[in-house]
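As recorded in Swiss-Prot:
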- HIS68, CYS106, HIS109, MET114: Cu cation binding site (BINDING)
- 33-121: domain 'Plastocyanin-like' (DOMAIN)
- 1-28: signal peptide (SIGNAL)
Amino acid sequence: MEKTMLNAIKSGFGIAIAAMLVAAPAAAADFEVHMLNKGKDGAMVFEPASLKVAPGDTVTFIPTDKGHNVETIKGMIPDGAEAFKSKINENYKVTFTAPGVYGVKCTPHYGMGMVGVVQVGDAPANLEAVKGAKNPKKAQERLDAALAALGN
């Protein structure tokens, strides 16, 4: 009788573990964006310049070359999302939870077009606001290209 009860407990425990594994959410992904003096798209760039992630994913912005930071661009983040700004020359990790499009810039090199786009999720509700934001000419050209690369 003890073996039957023990087997029942083991079997119930196994079922509980299996149920928890099935119910567990997929692990969030980690991405890297490098801040470079020179990249495939020219001088002062984020590589990649556009990135699509899922809510809960993390992006680490890495100043591969010195003198860079990352900061959200005013008017280019989803409602409810928090703006962020890193220090110069420091890696900066962001976990994106609010779906939408985030425009980012390197503060010292914004006028030179050092910008990028992170899209969180598939249907960015703030896309029109992002497209309507005013930016320096070179920055706007690169933002338009980054949005186009994401299919927007």
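Cβ coordinates are placed from backbone N, Cα and C, and glycine is handled just like the others.
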Taking the Cβ of CYS106 (Cu cation binding site) as centre, how many other Cβ atoms lie within 10 Å?
26
In three-state terms from DSSP, label HIS68 (Cu cation binding site) for me.
coil
According to DSSP, folded down to helix, strand and coil, what is CYS106 (Cu cation binding site)?
coil
Measure the Cβ-based neighbour count of HIS68 (Cu cation binding site), defined as the other Cβ atoms within 10 Å of its Cβ.
25
Using the Cβ centroid of HIS68, CYS106, HIS109, MET114 as the reference point for the Cu cation site, which residues of the same chain not in that list have Cβ within 8 Å?
MET35, MET44, PHE46, GLY67, ASN69, LYS105, THR107, PRO108, TYR110, MET112
For each of the binding-site residues (HIS109, MET114), count the other CB atoms lying within 10 A of its CB, then report the residue with the highest count.
MET114
Tally of DSSP helical, extended and coil residues in the domain 'Plastocyanin-like' (33-121):
6 helix, 41 strand, 42 coil
